[in-house]
Amino acid sequence: MKTVTEFQNKNILVLGIAKSGYAAATLLQKLGANVIVNDGKPLAENVLAAELQAKGMDVVCGGHPLELLERNISLVVKNPGIPYSNPILVAAKEKQIPIVTEVELAYRISEAPFVGITGSNGKTTTTMLTFEMLKEGQKHPVIAGNIGTVACEVAQDAKENEVVVTELSSFQLMGVELFQPKIAAFLNLFEAHLDYHGTKKEYGLAKANIFKNQTENDYSVINADDADVMALSAYSKGQKVLFSTTKEIEDGACIKDNALYFKGEKVVEVGDIVLPGQHNLENILAAMSIAKLLGVSNEAITAVLKRFTGVKHRLEYVTTINNRKFYNDSKATNMLATEKALSAFTQPTVLLAGGLDRGNEFDDLIPYFKNVKAIVTFGQTAPKLVRAAEKAGLDTIESVDTLDEAVVKAYAHSTDGDVILLSPACASWDQFKTFEERGDIFIQAVHKLI
C-alpha cells in the first residue's frame, strides 16, 4: 500500500455502509482519518454499523441528518447505490465538499495499476475472462469491485507487479476524481438505470468517467460496433484500441476467417471457444485485447478460452429434468441482457421474467420472442411484460407472485426438448436483496422439481 497522508486527521463522512462502506471506513481509520459513518438503517438492525462503532468510529444511523455536514467534513465517501439527489449529497455538493466512491480510495492507495471494465452488459464475464487470461499469462492479477473482494481491501495488499482488475458500474464511476486505469474497457451502452441517472445521456457520461484521467500512456479498449461508446470515447486521451465482431480492425481485435485476430495476428480459432452465445464474442474480444496489451501470449489466451464456460447467474446451465434444460440468467437485469440470452437458444423456450420497475416498457423484447412458447412473469414489471407478450402474440402468458411459483408454472408449460430460462430483464430489488439471491432461489426451486 502507498504511504498516504492526505486523510490524516481529516473528518471524513462515509455515507452508507454495506460491504464497500465498511471497507472504506476501516481503511480510512487505518490511514489516520476521523471517520463518521452514516447509514439509513437503524443501529439496532445494523450489524456492520455496530462493528464500526466498536472500533471507535462515530456512527449515526436511522437517517441522513444534514447536521453531519457541519462537522468540518473534508470528504464524503458514498455507497454507489445512494443517488446524488439525496438531500445530504445535494447539500455536500453546495458546500463544495468532494464526493467519491470506494473505488477512488482504492486507486489512491494502490501500488498496482488498475484495469477498469464498464458497460451496460457483459462486465462480469469480461472481467472474469480478463482475470483468467492474466492469471494464465502469469501477470499476477487480483480481482476487485462488483465481483470478488471490495476494491479498497484488495488495493491495500496489491503489489507493484500485480494488476487490479475491476468491474465498474456507472454508480461507482460517478464518484471518481483521480482514478486513472492503465487500461479502461467500455463494452456497450444502452438505456438503463434511468431511475438513477434520468437520461441515457447522463448514464453514458457517468460511464465515460472511466476515461476521465487517462493519458497517452494509457489504453482505452472500445467497442467499434456501438455508436454511443464510440462517441463517448472522445473523452479519452488514451491510446484507443477498437474491437468489432462485424468488421475487420487492423490495429485492434476482430473476427475473420472464423478466428479471432489482434493487430493482424491470429490468436484463437472460434471453434476452440467453449463459452456459448454470439454476444460473448464481444466480451472475449475485449478481454483478449486487454490481455494482449499486457503481454499475455496467444497460447495462454487459447488455454483459457478452451475451458472457460461462463460465470454464475449468467446463462448458467442448472440441470436437465425430463429432457427440459434449465438455465439461470438472473444477472440479466435489463432488456439487452435478456435479448442476448434469448438469441442464444434455437429450441422452444419458456421464459421467466420480471422484477423491479424502472419505468421502461418491454416492447424491445418482442422481436426476440420468436422461439418463446410461453412466458411466466413475476415482480413489479409483470403487467408490462404481459403487455409485451400479448403484442408478440404469445399463446401462453401467466403471472404469479413468487419465483418459486414461476418455476412450477414454467415446468407445467414445457414439453420434451424445451429450454426453461430465467432471464428477468429487470433488477431484483423489488423481491430480492441481489440478483445472486434471485438466481440461487431459482436453482433451489428447480431442484425441488426433481
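Backbone N, Cα and C define each Cβ position, glycine as well.
Taken verbatim from Swiss-Prot:
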BINDING   Gly119, Ser120, Asn121, Gly122, Lys123, Thr124, Thr125  ATP binding site
| field | CB contacts for Asn121 (ATP binding site) [other CB atoms within 10 A, all chains] | value | 26
| said: Quick check on the binding-site residues: of Ser120, Thr124, Thr125, whose CB has the lowest count of neighbouring CB atoms inside 10 Å? | reply: Thr124
| remark: Residues sitting within 8 A of the centre of the Gly119, Ser120, Asn121, Gly122, Lys123, Thr124, Thr125 CB atoms (ATP site), not counting those, run Ile117, Thr126, Glu167, Leu187, Asn188, Asn283, Ala337
| task | Please list residues from the chain of Lys123 (ATP binding site) whose Cβ is under 8 angstroms from its Cβ, counting only those at least six apart in sequence. | result | Ile117, Asn146, Glu167, Leu168, Ser169, Leu187
| said: Sequence gap of 6 or more, Cβ distance under 8 Å: name the residues on the same chain that satisfy this around Gly122 (ATP binding site), in order along the sequence. | reply: Leu187, Asn188, His279, Asn280, Glu282, Asn283, Ala286
| request: List the residues of the same chain that sit at least 6 positions away from Gly119 (ATP binding site) in sequence and have their Cβ under 8 Å from its Cβ, in sequence order, or write 'none'. | output: Thr126, Ala185, Phe186, Leu187, Asn188, Leu189, Lys207, Asn223, Val229
